[in-house]
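Colleague: Heads up, here are the entries from TrEMBL:
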REPEAT    103-136  repeat 'WD'
REPEAT    194-227  repeat 'WD'
Amino acid sequence: MHLRWDSDNTVGEFDGHSKRVLSCDFKPTRPFRIVTCGEDFLANFYEGPPFKFKHSIRSGSLDFVNCIRYAPDGSKFITVSSDKKGLIYDGKTGEKIGELSTEGGHTGSIYAVSWNPDSKQVLTVSADKSAKVWDIFEDASGKLNRTLVCPGIGGVDDMLVGCLWQYDHLVTVSLGGTFNVFSASNPDQEPVTFAGHLKTVSSLVFFPQSSPRTILSTSYDGVIMRWILGVGFGGRLMRKNNTQIKCFAAVEEELVTSGYDNK
């Protein structure tokens, strides 16, 4: 049972999944609907309010259904899954009406999807470390528009697990916690990148003689980040191994580290 936060009135019961639910969304236009998806390879469709289970959608997904999103105009919703598929459904009935083309498609699990404001394009991100923009046509077919390349070293941390299309901004999030912000109106432009530590920061050091003036920080997972004074994130320092660092110090233009491995 689910309650309104401001009145404690029930708005429906959401059952129908046999395994963990991974994503849900609300139809922003009348008649209202709620859709969910999960690890049981299903997307579920609810009518209301009060919301009641209507039917399960089993069209084509043969793996975890990772994300489900309604278009802003409420006419369609889309699911993306670990079998590399993007399926499009009628927003009112839940009937499958189209899918993303396999031509130029993702080669890894698709983890997230987001619609653009006019409901005519979607952004997807994948374990293949790429983000893709798709044109969605009137017949609900999806054709690849372009592939966005996110900076990285090609490791597991560069897998893309989240995305958002917010006005002119295309935002992707990697497993390693890096945000890349592309311009929708100029997607060939280099993205703005933000990142930070995922573990407790253990040491900081300032290089006052460097140009630009730089701060380095390290965390208990051995990651070293570079920060440019007055700018912010300046990249991650690559190391041969990510042994844990207890502390470090600046000696002129060199960095001396002391680790838990006694080195």
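Cβ atoms here come from the backbone N, Cα and C positions, even for glycine.
Keep in mind that this is a model prediction, so the values were computed, not measured.
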Colleague: Using DSSP, tally how many residues of the repeat 'WD' (194-227) sit in helix, strand and coil.
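Modeller: Its residues divide into 0 helix, 18 strand, 16 coil.
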Colleague: Should anything in the same chain at least six residues away from the repeat 'WD' (194-227) have a Cβ under 8 Å from its Cβ atoms, list it; otherwise answer none.
Modeller: 176-179, 181, 233-237, 239, 241-250, 252-253, 255, 257, 259
Colleague: Could you give me three numbers for the repeat 'WD' (103-136), the DSSP helix, strand and coil residue counts?
Modeller: 0 helix, 19 strand, 15 coil
Colleague: Tell me, what is the mean pLDDT of the repeat 'WD' (194-227)?
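Modeller: Looking only at the repeat 'WD' (194-227), pLDDT averages out to 90.
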